[in-house]
Amino acid sequence: MLVSYTIADPSSPEDAEPRLRNGESLEEAVEALSGLPVEGVLLNCSHPESISAAVPVLRGLTDRAVGAYANAFTHIPDGFDERADALDSDARPDRREDLAPEAYGRHVEDWLSAGADIVGGCCEVGPGHIAHLRTTVDGAADARRAAE
């Protein structure tokens with residue numbers, strides 16, 4: 001089983017402690033999984049910058065697999081219901097224009113360097129992003145093998 005949490009936006013590397021959208025700390029979230037058959041803890045549907053701030057913290061809290069897949073929304077409004085609102089073009093947040101596949105790939109590189117084992121994309125991260133992400137992941141794997 002994999003468990004995924006969303007990080008409050010905006011979080012940045014300067015934030016002392018990235019928090020979940022409900023205000024809980026990552027430490028509290030990981031502690032809640034104690035004794036459960038969870039193989040991985042992931043962060044999703046948050047700004048890539050927020051996830052970049054949270055992955056190193058999460059990696060330090062667990063020996064389980066760590067994953068990250070960000071969205072490319074400008075913001076997530078309070079009360080947003082991804083099950084209903086993501087399909088409603090009037091309710092769905094705007095897409096960020098600054099997250100071309102190459103820019104998203106740089107975030108993925110940060111996550112991999114910080115110890116992420118699983119990476120991907122969430123809302124508004126499309127096929128072009130994923131294709132570039134694949135190249136990024138393959139490059140990181142090649143670099144790890146060369147260093148061994």
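For all residues, glycine too, the Cβ spot is worked out from N, Cα and C.
According to TrEMBL, the features are:
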{"type": "BINDING", "residues": "Cys45, Cys122, Cys123", "note": "Zn(2+) binding site"}
{"type": "DOMAIN", "residues": "1-137", "note": "domain 'Hcy-binding'"}
{"type": "REGION", "residues": "1-20", "note": "region 'Disordered'"}
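For the domain 'Hcy-binding' (1-137), the DSSP-based tally of helix, strand and coil residues reads 48 helix, 25 strand, 64 coil. Sequence-distant neighbours of Cys122 (Zn(2+) binding site) (same chain, 6+ residues apart, CB-CB distance under 8 A): Asn44, Cys45, Tyr69, Ala70, Asn71. The Cβ of Cys45 (Zn(2+) binding site) has 21 other Cβ atoms within 10 Å, all protein chains considered.
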